[in-house]
Structure formats: structure tokens, C-alpha cells
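Right, one structure below, let's go through it.
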């Protein structure tokens with residue numbers, strides 16, 4: 001461990017300290033919260049009021065502003081969970097374990113939101129609530145992966161063992177995600193002739209994609225807020241015997 | 001008498017022999033516990049029987065359903081037998097001894113998975129022709145079915161073993177394994193049934209089999225690593 | 001002969017919200033017997049599992065012959081014999097088959113000496129019956145036969161004398177004494193007093209818990 | 001502004017149910033992800049405080 005410390009930047013080791021991490025999260029939280037609020041509110045107003053209706057799908061197209069950001073977030077959240085888990089496994093970094101654990105519920109709810117909005121959007125577009133569309137199917141499998149990680153995490157009593165085991169599982173899942181995605185895409189084209197999909201559109205005018213971009217960035221900011229809230233809870237819980245946590249609690 | 005404690009060690013048994021010894025040991029253990037040996041097979045047959053009863057006994061319909069049904073049943077049967085892969089070793093302390101061996105754990109793990117596959121995946125592959133007759137699968141599909149099972153079921157055993165290793169320390173790991181492992185089984189299922197359907201309709205199989213082979217190669221390289229790490233974590237807890 | 005085998009520095013471990021030991025440091029030299037003492041639940045087994053490398057849930061440093069243990073895992077495992085709560089004996093296999101597999105795991109052991117080892121623990125004539133037909137004591141002796149087979153320098157023994165009769169205990173003690181005389185080290189827990197095995201150093205975990 | 005009146009805005013060209021259902025769900029999920037950790041935090045702080053008091057009294 002001692003030799004390794006030389007080639008990693010200093011902030012990495014500060015990040016490894018739960019106390020430093022707790023404080024920096026506390027400082028960053030308001031900024032991200034304000035950014036998320038502005039971006040999400042602005043994005044939603046723009047999306048609902050000012051963005052033009054789609055010439056084919058009409059106003060139901062406006063669901064894209066929730067569907068796409070939540071789907072993107074669900075995927076990148078999994079990536080983050082797996083990477084944080086790997087860091088926790090390799091460098092025995094407690095904070096990374098906690099980040100991985102905090103990622104799982106957010107990612108799972110985002111996957112649920114992407115699935116629900118996809119289904120609701122499917123009703124006016126395809127005429128049925130659920131279609132075994134490749135994207136929806138792989139999102140459903142992503143949700144299963146999240147549920148598996150969360151179930152394993154809660155089934156193991158020892159905190160550090162639970163964190164390590166979930167990290168291994170999420171890494172295995174990470175290797176599998178491209179394979180699953182490819183196989184589902186391929187299976188889908190085999191089963192049904194390629195109809196128009198939910199999200200792939202030829203060229204989107206700027207007044208359509210700018211609010212979309214706003215919503216995506218807003219969702220990321222919201223993710224940061226929720227993650228930091230959860231992370232702070234997790235740090236308090238895991239470090240409950242540390243002196244600084246006691247002082248913090250007594251000062252309240 | 002103990003040997004003198006000299007650091008000059010003479011390897012009496014090499015790695016290949018350890019692999020063979022573990023394979024032989026696990027096969028022997030399963031053969032001495034006959035009920036567990038045939039359970040996955042019986043389960044496989046029973047699940048298959050449920051479909052004509054539950055859906056429809058009409059031959060044309062069953063023939064269309066057969067590739068999927070056989071593959072899903074094979075998948076569930078593999079999963080059912082997965083829990084016991086490391087559990088008995090964990091309970092009687094053999095797993096501790098295994099992990100404390102100076103030999104690479106991956107080697108022993110590979111041998112154990114191979115033994116497991118020989119008694120489930122291979123056995124399922126061998127009874128598959130019988131099942132395909134019961135489900136009216138056209139005769140042209142049978143070679144494709146057997147080849148896809150032969151290439152696909154080892155991957156199922158490898159991936160399932162990761163789940164088994166992760167849950168071995170838990171008192172009730174059975175249901176949890178399915179939850180962890182089933183999503184990971186989906187590519188094998190898709191390509192496996194794809195191969196059988198292609199065989200039935202007379203399309204070339206090579207692509208599907210190549211994909212199943214690629215999955216198997218990837219699994220053989222990566223799964224033992226994950227299984228080894230998972231076992232150390234589970235025993236540590 | 002008396003080089004330091006195992007060195008433990010500032011070991012910290014907690015289980016279920018309870019600190020088992022904190023700032024635990026000690027050394028084990030060649031030719032030494034170290035007995036871990038403590039009340040039930042004081043973390044004896046946990047400590048042995050940490051020392052053997054089975055459990056990684058600890059903080060602190062462990063050195064094997066001067067090197068951090070993470071770097072010399074394989075060399076360390078080749079020099080280690082661990083005897084845990086579970087004997088590591090497969091009930092469906094015969095004593096002979098069990099020990100043969102153990103030899104396969106430790107490449108340096110000679111399977112030809114399995115017979116001899118079984119004879120030493122008084123299991124002659126039971127070589128080829130499945131272990132589940134043996135009594136509890138015999139079952140345990142199958143596992144103890146590993147002590148006769150082993151060429152490891154460090155023995156970590158967790159309650160090696162349970163379910164063993166008096167005569168067996170004496171034989172085991174003599175074996176431990178011989179191992180130590182040859183320059184090996186033994187770390188063990190036991191409820192019995194060790195007699196005639198030379199100098200026994202003890203480490204008490206109860207006092208550790210209070211301090212921590 | 002792509003709507004001429006408020007009722008038109010509400011009906012969303014006949015797709016009002018789907019659009020408003022989606023946005024309600026989106027809002028619910030976002031709020032859930034913020035409220036749950038905040039409630040968890042107050043619960044945790046109370047629990048840890050009780051624990052500290054217990055520990056301070058007992059020795």
C-alpha cells in the first residue's frame with residue numbers, strides 16, 4: 001500500500017478519508033441542488049410549453065424529455081457503481097464502497113422511470129403499453145442487474161463483505177452489459193421488422209434538443225445531489241464510532 | 001515421522017495433476033450421492049412436461065415452442081444444481097483448505113465447474129434428443145440443439161458458479177442465486193434458441209455457434225477470476 | 001533457528017459493532033508455541049483466521065519473514081498448516097481419498113506418506129471406509145493426520161484437541177513439541193493446558209478488549 | 001409558445017393523459033430520491049444520538 005501512494009494524486013487519498021468526503025459533500029450540495037433545480041425547472045417549462053410538437057407523434061413526443069435523461073442516467077449510474085466498487089476492491093477504500101452502495105437505489109429508480117415513461121410513450125405510439133423493443137428490454141435487464149446487486153448487498157450482514165461481494169457482482173454485470181445489449185438488439189431485429197424506434201430520430205431541430213440537453217444535465221446534477229445525500233448518510237452510519245462523528249452529533 | 005523442515009521443496013504433484021485430482025474428487029462425490037446426481041435431469045424433464053400441459057399439446061405449436069422451452073428448462077435445471085457447487089465444501093471446511101493452498105485457486109475452481117458441467121450440462125445435452133421428440137421438434141433441428149447446448153451450457157455453469165461463490169456464506173442463498181445469475185444468462189439463451197431455430201428452418205448455424213463459442217471463451221477466461229475473488233470474499237465474511 | 005516468522009503490528013478488528021482487538025502487536029519466532037487465550041467470543045477464532053489469511057476484514061500489518069504478507073501470499077501458504085473448526089474432511093470420501101486431495105493441494109507433499117500418517121493417528125484399517133461411518137473423534141483424527149503429513153513451518157491450530165481422547169492428546173502434544181524442536185512455530189487455541197511441550201507463550205485477548 | 005390556450009396545453013393534442021402521467025411519475029421519482037435520503041438522515045441522526053446518550057450514561 002505504501003508504494004502505491006506515490007503515483008496517485010493527493011486528492012485521491014483525501015477522498016479516501018470519510019471525514020473529508022463528508023465535509024466536501026456538504027459544501028458541494030447547495031451548488032448542485034441549485035443547478036439541478038434551475039436546469040430541471042427550465043428544461044421542463046421549455047419542454048412542455050415551447051418545444052414544438054413532433055410532426056409524427058404529436059405532443060406525446062414531450063415524454064422524451066424524461067425518458068432519455070433517465071435512461072442515460074440509469075446506465076451511467078451502473079458504470080459509476082461498478083467503477084467505485086472496483087476501486088473499493090483494489091485499494092480497500094471505504095468511501096468507494098459507500099459510493100457504490102449509494103448508487104444502486106438511484107440507478108434502480110432511474111431504470112424504473114425510464115421503463116415506465118417508455119411504456120406510457122409506447123401506448124400512443126405503438127398502440128400498446130409494452131413492446132419488446134430492444135431498448136426497453138435491455139433497460140429491463142439493467143433493472144434486474146440493479147435489483148440483484150441490491151439484494152446481495154442487503155443479504156450479507158457484514159458491511160465490508162457485502163460491499164466487496166456487490167462490487168464483484170456489479171463488475172461481472174459491467175462486462176455483461178455490452179453483451180446483453182448486443183444480443184438483445186440482435187434478437188429484436190430477428191423477431192420483428194425494424195419499425196421506427198422511440199428515440200432515434202433523424203434530425204432534431206435545436207428547439208427540440210436544447211431542452212433535452214438541459215434535462216440531461218439537470219438529471220446529472222440531481223443525481224449528484226441524491227448521491228451526496230445518500231453518501232453522507234452512509235458515512236455517518238459506517239463511521240458512527242469515529243470521534244468526529246460523535247462531535248458532530250453532540251454539536252447538533 | 002515428519003520430514004525435516006527444509007525450504008527446498010520438491011513438487012510431487014503438479015498443476016495438471018491437481019486439476020485431475022479435483023475433477024476426480026468432485027465426480028466421485030456426486031456419484032456417491034445419487035439423488036443429487038439425477039435431480040437436475042428429473043427437474044429438466046418435469047419442466048418440459050409442464051408446457052404441453054399448461055399451454056397446448058398441439059404438435060405444430062409445440063414444435064415452434066420447443067427450442068425456447070428446452071433452453072429455458074436447461075437454464076433452470078443448471079441454476080437449481082448451482083447452489084450446492086461450493087456449499088458442501090463451505091460447510092465442512094474443505095473450502096478453507098482450498099483457499100489456503102499455495103496452488104492457484106482458479107485451477108481448482110475450473111476443475112469443479114467442469115465436474116459440475118459434466119453432470120448437468122453434458123447430461124442435459126445427451127437427453128435433449130429424447131425431449132425434442134416429445135416436443136415434436138423437427139429432426140433437422142436436433143443436431144443444432146445438441147451443438148448449441150454443448151457450447152452454451154458450460155457458460156451457464158461458469159456464470160452460475162460466480163453466483164454460487166457470492167452466496168456461499170449465506171444461509172439461504174438458493175433464491176438469491178437465481179436473482180443474481182438469471183439476467184446474465186440472457187445472451188446464452190438468445191443465441192442458443194437462435195441456433196436451434198436456424199437449424200430447424202435450414203439456415204446456417206455457424207454464426208450462432210461462433211457467438212456461443214465466443215461467450216464460452218470469454219467466460220473461461222474471466223469467470224474463474226471472479227469466482228476465486230468471490231470465494232475469498234465469502235469465506236472472509 | 002529463532003528467526004521471526006510472523007510479525008503482527010497494530011492489528012485492529014471489529015465484529016458486529018464490537019471491537020475485538022485494537023493495536024494488537026506480537027511476534028512469533030521459530031521454535032515457539034503461542035497460545036491465544038480469551039473468553040468465548042473474545043475473537044480467538046477471528047484472530048487465527050486473520051493470521052492464516054482467510055479473513056481480510058482487519059486493519060494493521062502482518063509480516064511473514066519480514067515481508068508484508070500481501071506480497072508473499074503463495075510462499076506463506078506453502079509454509080502454513082491451518083486447522084480450523086470444521087475439519088475439512090468430506091464425509092462421502094474415505095480418509096485416504098481426503099488426504100490424497102490435501103496432498104494435491106499442497107504440491108510439496110508426498111501422497112505415498114498418506115498411509116503412514118493414517119497409521120500415526122490410529123486409523124489403520126479405516127483407510128477405505130467413507131468418513132461418515134466413522135465416529136466424531138475418528139473424523140477429527142482424519143484431519144489431524146495432516147499434521148503428520150505436513151512440512152509447513154507455521155501451524156495455526158484452532159481447538160485441535162476437542163473430541164480427542166487423552167492418549168490422543170498426549171500424542172498430539174508430543175507432535176507439537178517435535179515440530180517446535182525442529183524450528184517450526186505453532187499458534188493455537190485450546191481449553192486445555194499444554195503440558196510438556198516446552199515454553200508456551202500466551203496472548204490474552206480479554207485484556208485487549210477492555211483496552212479497546 | 002406552441003399552445004394557444006390553457007385547455008389546449010392540458011389536453012396536449014389528445015395525448016394529455018400520457019404526457020401528464022409521465023411527468024407526474026418523473027416528479028414522484030425525483031422527489032422520492034431526495035426525500036428518502038433526507039428522512040433516512042434524520043432517522044439515523046436520532047438513532048446515533050440515542051446511542052451516544054446510552055453510552056455516556058452507562059459507564
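These residue numbers are counts, starting from 1, taken along the chain as shown.
For all residues, glycine too, the Cβ spot is worked out from N, Cα and C.
Curation does not apply to TrEMBL; its annotations are automatic.
The transmembrane segment feature in TrEMBL is assigned to B:37-55, B:61-80, B:114-139, B:145-168, B:175-196, B:208-231.
Within the same chain, the transmembrane segment (B:114-139) packs against the transmembrane segment (B:37-55): three or more Cβ pairs sit under 8 Å, each pair at least 6 residues apart. Among residues of the same chain six or more beyond the transmembrane segment (B:175-196), those with a C-beta under 8 A of the stretch's C-beta atoms are 66-68, 70-72, 75, 79, 82-83, 137, 141, 144-145, 147-149, 152, 155-156, 159-160, 162-164, 166-167, 205, 208-209, 211-212, 215. Below 8 angstroms of C-beta separation, residues 30-31, 61-62, 65, 69-70, 72-74, 76-78, 80-81, 119-120, 123-124, 127, 131, 134-135 of the same chain, each at least six residues beyond the ends of the transmembrane segment (B:37-55), sit close to that stretch.
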